[in-house]
Amino acid sequence: MDLTANALNADEFRRLNRREQWVQMNFLVPCLLFLVLFFFVPLAMFLSNAFFDPGFTLEHFEKAFTRPLYMKTLVKTLKLSLTTTIVCVILAYPVAFVITHTSGKVKTAILILVLIPFWTNILVRMFAWLAILGRNGVINSNLIAIGAIDEPISLLYNYFAVVLGMTHYMLPFMILPIYSVMAAIPANLTDAAANLGATPFRAFLRVFLPLSLPGVGAGCLLVFILSLGFFITPALMGGAKDTMFAQIIEIQINQMLNWGFAAALSTILLVLTIILYLIYDRLLGVDRIYGKEGH
Amino acid sequence: MNMNGPLTLPKAILYLFVCLVLFFLIVPNFIVVPISFNESSLLSFPPEGFSLKWYARYWELPGWVDATVTSFVVAILTAITSVVIGSFAAYGLVRGRLVGGKMLSSLLMLPIIIPSLVTAIALFNVLSYLKLTGTLAGFVIGHTVIALPFVITIMTASLRSIDMTVENAARNLGASRLMTIRRVTMPMAMPGVISSGLFAFLISFDELLIALFISSPQVATLPKKLWEGIRFEIEPTLAAVSTLLVMLSLLILAVAGLIQLIREKRGNG
């Protein structure tokens, strides 16, 4: 065998392989071009309004951080996101647990029940909640009909309504990541714990629960991130007191026409979001969000 | 917990709890259906009488049908654009071994992480500069930005599950790269292409915030009309429109599920 020829071939092979990979990378070009043109550049252009007016300035940020209204709204938004996340995780964990531990038709049925709202227009769901909770809504009219109350009770346009609407929207985003992690836990681990004498509850607490925590963490971060910038539910189901951060950005654009200040508020929101997203990405990888759908 | 054993009290409580959560999840989806067949103009439930007049109103009132047509056209065009661009990108991500690929795929997911309000404002700026607000092209561009991350995710998973050696075999037998993609990769990735197309369609069909900013009085999408209806006058016509939208989502999910089923039967992809 001719060693030089072989070495040459290996070289040639490596060269071709590199070329191949280079060509394949070109398939990314249209997508990158599109997103740069219609996402990254527009975003940068909008956010730059926060810093230039027209010369470099930080006054918009100064206003955002010193006027109590904006920081109060930010705290309120963080609180709403936290509440939504906690309610969601309490409701979602048992559902994900049951999905993991059932099989066949029951499993499919539960997954379908989770996916249907996930893929239903948010405005349809908002309209439904308004129809259920409104003054002449399903709950009030039926309570009056059975004589439980005389006057309609106000269930809408308060903090409770916002949490309810947000929880309903975010729940699938919590269930799916938790389920995707639980599904990967080997079933024989809990069996082993049981064989070694652990009670079912103890086996769950010491074996299953810790192994499922990455999914819980990912789901919580995801729901928190999505809640932070949420606009539609607080706008439709909240009262004046429940104005959230995204809403004050919208007001700055549509009513105050103050693009510079809106950009500063958006920058604050984005920085928070991106920090949380980086943590999320480290923890689980963003592609896990939708990884399980359609099963 | 052994889920196959006899029904114990804790297990009964767990099942009951899960049933309640599922009920909470699904109830808004289905309450709009009976309300839409109401005789009265109140959103009564249980419905009083049976009539199709709210569907008739949807058909007759100006704007609703136009908005429906606009939404359909925009959603179909968005599905095509995002699947073409997104599939190529997924192919590049899966087959090309590039440095920083992990970072790149995280970057490509940003449009679904960043608050849609901020994306919508930023896009509005650029689209009005390009004189594309209130045009179909403007909607398609905006919705493609939002749909791309979903398409890339689904297509990446789909391409990863395809045996690369089959592609290599085709190349070794003398097929060009494009020929290989067209005749070997594409047919195998078809289930992924179709399901990502369906989801891109739904994302566009449901998108509100971009539509709020770039709609014009002449060209608006269905979610924009619904938003105005919910804000200014809640009446059963909205229930009729909602019912139609619920049906559409169910239909698309059913088709996606069917594709999944076929894929599992065939045992590939």
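Don't overthink the numbers, they just go from 1 along the chain as shown.
From the backbone N, Cα and C atoms, a Cβ is placed for every residue, glycine too.
Keep in mind that TrEMBL annotations are predicted by a computer and have not been checked by a curator.
Copied from TrEMBL, the annotated features are:
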type	residues	note
TRANSMEM	A:27-52	transmembrane segment
DOMAIN	A:74-280	domain 'ABC transmembrane type-1'
TRANSMEM	A:80-99	transmembrane segment
TRANSMEM	A:111-132	transmembrane segment
TRANSMEM	A:138-157	transmembrane segment
TRANSMEM	A:169-187	transmembrane segment
TRANSMEM	A:207-236	transmembrane segment
TRANSMEM	A:257-280	transmembrane segment
Close approaches to the transmembrane segment (A:257-280) from elsewhere in its chain (Cβ under 8 angstroms; 6 or more beyond its ends): 46-50, 53, 60-61, 63-64, 70, 74, 218, 221-222, 224-225, 228-229, 245-246, 248-249, 286
As a test: from A:27-52, A:80-99, A:138-157, A:169-187, A:207-236, pick the stretch that has the greatest number of Cβ pairs under 8 Å with the transmembrane segment (A:111-132). A:169-187
With Cβ-Cβ distances below 8 Å as the criterion, list the same-chain residues six or more beyond the ends of the transmembrane segment (A:207-236) that contact it, or say none. 77-78, 80-82, 84-85, 88-89, 92-93, 96, 122-123, 126, 130, 162, 165-166, 169-170, 173-182, 185, 189-190, 193, 198, 242-247, 250, 269, 272-273, 276-277, 279-280, 283-284, 288-289
